[in-house]
């Protein structure tokens, strides 16, 4: 489990940052930030085994400056239902429970949502009606017993506790470090309570969960060995020239930084050559994540090659080790492609969850909100929906021979190999295996600029209760409003049109606002 606890010693104008190693480090802290990434039970196990649970309780009971983030808030409560019941630190009355998807909401709760401020607390002073970023499946609910702690709530299905404050003790369920300038103001005000506002923040009109606009960077080495952002047409990334060189659309860190400034809600890196290499030896990609995370304060997702490996010396590395290295390098979520297809095929064949697949391993330790499954299907037309064993859909535009129906065959290895499983069947299976989100591509639409495959996206987003990201085919701002109006997609992703500056991200956001679709501005 990746559980990071930072120890901060305060000076007049700067901070020296130390990672906690012992309970004594906690008790000596001037200010303590406790960001938790993972699941409740493994986190408490680490705290108890290292003797840190008692030290944390002592520190907080002494009303010393403390900021918990996400899991760092949940652990303060009495217990959690996540793989439990599991006993927590017991400082705040209440049980942390799972969101109820039967109420029509998607679980995990992923995205930018509004806060309802319950009381004045200095660290939230700059938030106002702005969106902040959440990513979690479990939450604490308000009650008479914990009401004195609550500083803000959030509406998602029911109201849940978004932040707490009593004296010098603060904790937030959202991620300030991934909430842009508004989130950074929370950290700044906690670290330096006497500081005033250094810049006037744009006040939004946040009222609910916003639709997300995501920039995707397909990253690979070109023929000269340089790491570049490229973009293919139906997954072909080479120029149609005599030289047949890899299409080069810029440097990944520079582009990620620009998209953050432009207002992208997330940035996704896809290492499209990782299936040929050993990811833990892929130092350039790990460096991209490290450098990007220093200046990009929205969520970062990375995909490509996350599976079990053996290196040249025969040493075995689990997919969990690979994912952990990505997380340590700055990723917030990992995207699994081919390996998830194989795991789903085995699960549908046997009906047994072995717990050994990369999807199951990573979601068990980090929580399903940290795992995205990337689905890469092709449209195959049929005249009779009963002609195939997979779920079909009546298409808006008939096939080349007048076919009115199609099914979507999943592929692996960058779209080069078709598999005997449909996108519908795969989506249902990976949700059961622990996926927290689906990135839904379409090979037929990729790079065409004619719009998202609405038939496919509606089919999948109606079938699962986890968030679905629409991908492939965007060419105009109208394509974004179309996919949000006509499907249950939670987010829409684009690549080439952003890289080539054909459709800027601010233009997409402005159009969505005019269409009455809530987005983070």
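Note: Cβ is positioned from N, Cα and C throughout, glycine not excepted.
These features come from TrEMBL:
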- 1-19: signal peptide (SIGNAL)
- 13-189: domain 'Glutamine amidotransferase' (DOMAIN)
- 70: active site, for GATase activity (ACT_SITE)
- 70: L-glutamine binding site (BINDING)
- 175: active site, for GATase activity (ACT_SITE)
- 177: active site, for GATase activity (ACT_SITE)
- 218: active site (ACT_SITE)
- 305, 441: substrate binding site (BINDING)
- 376: active site (ACT_SITE)
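In this structure, 177 is the one among the active-site residues 177, 218, 376 with the smallest number of other Cβ atoms inside 10 Å of its Cβ. Put simply, 376 is the one of the active-site residues 70, 177, 218, 376 whose Cα lies nearest to the Cα of residue 441 (substrate binding site). Here is what falls inside 10 Å of the CA of residue 70 (active site, for GATase activity) among the recorded positions 175, 177, 218, 305, 376: 175. By the criterion of other Cβ atoms within 10 Å of the residue's own Cβ, the least surrounded of the recorded positions 70, 175, 305, 441 is 175.
On a Cα basis, residue 218 (active site) lies 14 Å away from residue 376 (active site). Checked against residue 218 (active site) by C-alpha proximity, the recorded positions 175, 177, 305 yield 305 as the nearest. Calculated from their C-alpha atoms, the gap between residue 175 (active site, for GATase activity) and residue 305 (substrate binding site) amounts to 27 Å.
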